[in-house]
Amino acid sequence: MTKSKISTTNAVSELKSAPLVCSHRLLLAILACFGFLLCYAQRNGFSVSIVCMVDPDADNTTTHADDSVAIQRNIPVSCHSHTIAKSRSPSQVLFWPKGTRGVILGSFYWGYALTQVVSSVIVNKMGPQRFLALVIFISSLSTLMIPILSKFHPSGVVVLRVIAGAAQGGLWPANFRFWSTWAPATERTTLLSIPNSGPSMGTIISLIMGGLFCTFSLNDSILFPFRYGWTYFFYLLGGLGIVWSFVWLFFASDTPAKNKHISANEKEYIRVCKAVEKLQDTNTKIPWVPMLKSQGFWCILITMFFSDFGLYAIWTVVPEYMNEVLFFSIEQNGLLSALPHIASFLVVISTGGLADHLIKANYLKRVNARKLFHGVGTLAPAICLLLISFLDCQHRYLAVCLLIVGVAFNGLIMSGGCMVNVVDFSGVHSGVMFGLCNTIASISGFCAPFLTSVITKQKTAAQWRIAFMLYAASFLISAIVFSLLALGETEPWARNDVYDEQIKGDPGAGEELMEINSNKNPVA
């Protein structure tokens, strides 16, 4: 029996002795989930907070109950009662017009786009443990400063959002790089789906909490940074993020071999599983040319750009849509904006294991499982957004229900679609791969809110219809591209055996590496 077959047999025999339940890798997945939760709460909570921060009179046309305004915006008579019920909150004190709000909401993605590739290279040098703690610390510190600078000029808030975006640009590259050494192939979807559920959970909590924090304000004698409820929302998110950074540094490590808290049995189990995968060593030079020429790279690049355009639009502008077209109050806005993300979280957390099961049981090949999950995860929101575009405030609860269904199914992208597929074919280079693709995809992050602000200047239902059709088309394109180009197995440039044969002229280096590692780390 060959060494590779022996290693494969060992991996199978060790499977029962290192279960996922109560394991250290599961603890790290849960901890990573909380990190993502806080980052996405800091990112997306601003979209509902800005509604209760800004004076409605900052716009040329307002949503107050005024017959001339209602006629100008073609608001149905049956909806006038919704506009009358709305009143200005004491916390709405900032005079930022719609164009300025669009710039502020999109500014996060300016920084986010700039640091993707740089972060994916730095994380290989610095290690994912320290790097992930650093980027979340910087993002949290920037979030803490928002209430202080918001009083002076919106440009200060733009700078803070750019810094937060630049820091979070390293979030996904560090995540993929971390799990390329911690997640066995048979548990990859399950382990990745846990931190991948963090964005939905963070968005849920931030939208609900953001709406609640908007409901109170303190005495005018108190300093501005502590006077309004929304200021404490930013302090809470920033403070928790800083605490998380230190907790992560204590429990996590770049590889299982360096971890002080993991059991010897679990450490050996992961080592054998990764040896069977024949992934390149973490210090291997990045194969830039073959990676950039690969089909998988271009598939993820195009797929992510168009799916992210629709997703970022939902994250950033839905609270404004709830406010301007459906006429929900500030209190209702936060909860109703969060409902779609609650549904998405439930889908992500419940279907991650399903994808692994379909693959293990040979019901579907890995690539077909990815295509199925991504196809449903993009076509469902495309259909729902298209239907929403024809609804107005007379059917506002139906619009909310469609949003819930569309965003819920979109969670399949996170649990078994393109977001997991990156690791399938790029191995230890998944952080760099994702960083490159997400750099381009991030352009849609600041395009979506800016284009929406341009399209919906008069806040009419007809203008929002155009915007929602645009979002639906972007999801449709993503579905088509991924179904045609997706790959399911490790590419030659990411495999240890092929890489050694082509680059180092040593075709047996892969098996030798497994033997050397086995001698270095005998089973305890």
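Cβ atoms are placed via backbone N, Cα and C, with glycine included.
What TrEMBL says about a protein is an automatic prediction, not a curated fact.
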Which range of 158-179, 334-355 is transmembrane segment, per TrEMBL: 158-179
Annotated stretch (transmembrane segment, per TrEMBL) among the listed ranges 12-32, 432-452: 432-452
The transmembrane segment (464-487) versus listed stretches 103-124, 131-152, 297-318, 371-391, 432-452: most Cβ pairs under 8 Å: 371-391
The transmembrane segment (158-179) versus listed stretches 103-124, 200-218, 297-318, 371-391, 432-452: most Cβ pairs under 8 Å: 103-124
Chain residues outside the transmembrane segment (397-420) and at least six past its termini with a C-beta under 8 angstroms from it: 188-189, 192-193, 196-197, 199-200, 299-300, 303-304, 307, 311, 314, 318, 326, 336, 339-341, 343-349, 351-352, 354-355, 369-370, 372-374, 376-378, 380-385, 387-388, 391, 475, 482, 486
Stretch of maximal Cβ-Cβ contact with the transmembrane segment (297-318) [cut-off: under 8 Å; candidates 103-124, 200-218, 432-452]: 432-452
